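The ATP binding site annotation in TrEMBL covers A:30-37, A:147-150, A:Leu176, A:184-187. Residues annotated as active site, proton donor in TrEMBL: A:His37. Taken from TrEMBL, the feature (R)-pantoate binding site applies to A:Gln61, A:Gln153. Here TrEMBL flags A:Gln61 as beta-alanine binding site.
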There are 2 protein chains.
Amino acid sequence: MKIVETVQELQNLIKEAKRNESVVGFVPTMGFLHEGHLSLVDQAQKECDLVVMSIFVNPLQFGPNEDFDRYPRNFERDSRLARNAGVNILFYPNVKEMYPTESAMKVIVHEGVSVLCGKSRPGHFDGVATVVLKLFNIVTPDRAYFGMKDAQQVAVIEKMIRDFNLQVSLIGCPTLREEDGLAKSSRNVNLTDVERKEAVSIYNSLQLAKKLIAQGERKTERIQEEMTTFLETNSSGTIDYIELLTYPELNHLEQLEGKVIIAIAQQYSKARLIDNIVLEIE
Amino acid sequence: MKIVETVQELQNLIKEAKRNESVVGFVPTMGFLHEGHLSLVDQAQKECDLVVMSIFVNPLQFGPNEDFDRYPRNFERDSRLARNAGVNILFYPNVKEMYPTESAMKVIVHEGVSVLCGKSRPGHFDGVATVVLKLFNIVTPDRAYFGMKDAQQVAVIEKMIRDFNLQVSLIGCPTLREEDGLAKSSRNVNLTDVERKEAVSIYNSLQLAKKLIAQGERKTERIQEEMTTFLETNSSGTIDYIELLTYPELNHLEQLEGKVIIAIAQQYSKARLIDNIVLEIE
């Protein structure tokens, strides 16, 4: 595995690979890798000749009061995990390399961001879209791998590929979970022991919603209420949102039907966790 | 010359060319071609293996009260001129092909657009940057050719290449002029006969500024005043702006020094004309 810190060196390596008609797979991350990231590498390896992973904690997608500074970082561990997983090139730029000058422009996302994390984190998806556009332009991947835990991010990137005519295929990969069901996340290390135990109730409330739907419940409000009561009873975190929306359009609906996302964000003392499931309802 | 109307067909042709390591040159236009455009083709031909020209009047860069509807169009004449000039592929998409769905996002330019045309045409450069980004992603050119008549556009695209890590070289080409000095422009056909004669005063006032500077004048305000008086005396058009700024940063300065752009926009009854010169001042 090659560790590359500059855009120029990365582009040279990729141009060489492309001359040999290599299919380039790309796994963009913010590091502090867990099995979720590694499962993306796994899938990329099966489908591509060259697997590029980036590790970059992008300041542009963090709000002024968010956790940019305490976002967990451990490059030594990350690079070992990436190497073992089969990453061929690990791109690890610093902020100056990604943003060498004051930017004159950025991508603004104006659709599908008034709900879920877009509502709680204004400007977040502008920052995500801008950095992913830059990374796509640097890496020029044939295929890019994203985890479905960030389902709204997947929807935004899918729309960016469509709106800006990007020549890359997006692959959304399933959420990986701890044994008790908690979605794997770099932010889980910022939970206290008590919170870690409580946090499984996010997963359990999604399962509760699934059960209610299986039993015939279709009223969005009714399911939201049950999930809220469950979460409030079983954890000390503050509910940021519990939403049931069409997917990938992310529109509200009173009666559930078709492809639907059930999504939660909950704030603990030092970590904001998100999770979701996507269901096809008959 | 191949005329191509769909993104898909164009991308197939370009992928084939790239497999043969062809250097791709790109000349984006809004059609109604004149010698200015053809000089871009000429330069592209000298430096590239494959010359792609696009003709697309982009609704996104026109304001609600601007001349999108009466922007001159003549595809038959354009395609003849393009073929004779040596264009290999003429990309001629319709609006539906470029914007098949309501867009979820766009590029917003927030630096260098509070002056010149950016000030008079709010949102104009957002529309320019967005469509040029799309065209770059579709054509994937090695080199792209733009006329320096739209100097602010050249500055914006240059910044977009830098900010979004686009892998394309921008070539800014000199403004072509009619015999009397009027800058060639597709919009010149929308001038009345009287206005056409008056419009040369735009060029002449730029020459006046150049003369004043050669004589030692360095005060921006003084030169602006002289140009204003000259234009008001010699034409019936309304002055939109006369500005002297650093180039390419486009910052104001009281005393001229370094690389400077002197730029004019003037509104006639059915055409808004722009022109500029860039000078190095010792």
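Cβ coordinates are placed from backbone N, Cα and C, and glycine is handled just like the others.
Cβ neighbour count for A:Met148 (ATP binding site) (all protein chains, 10 Å cutoff from its Cβ): 18.
In the three-state DSSP scheme, A:Gly36 (ATP binding site) is classed as helix. Comparing Cα positions, A:Leu176 (ATP binding site) lies closest to A:His37 out of the recorded positions A:His37, A:Gln61, A:Gln153. A simple way to gauge crowding: the CB of A:His37 (active site, proton donor) has 28 other CB atoms within 10 angstroms, across all the protein chains here. A:Gln61 ((R)-pantoate binding site) and A:Met148 (ATP binding site) are 18 Å apart (CA-CA, integer value). For A:Gln61 ((R)-pantoate binding site), the same-chain residues lying six or more positions away in sequence with a CB closer than 8 A to its CB are A:His124, A:Phe125, A:Asp126, A:Gly127, A:Val128, A:Val131.
For A:Gly36 (ATP binding site), other Cβ atoms within 10 Å of its Cβ number 20. With all protein chains in the displayed structure included, the most crowded Cβ environment within 10 Å among the binding-site residues A:Met30, A:Leu33, A:Leu176 is that of A:Leu33. When the alpha carbons of A:Met30 (ATP binding site) and A:His37 (active site, proton donor) are compared, the span between them is 10 angstrom.
Reported as a whole number, the C-alpha separation between A:Leu33 (ATP binding site) and A:Gln153 ((R)-pantoate binding site) equals 18 Å. A:Ser186 (ATP binding site) has a Cβ environment of 20 other Cβ atoms inside 10 Å.
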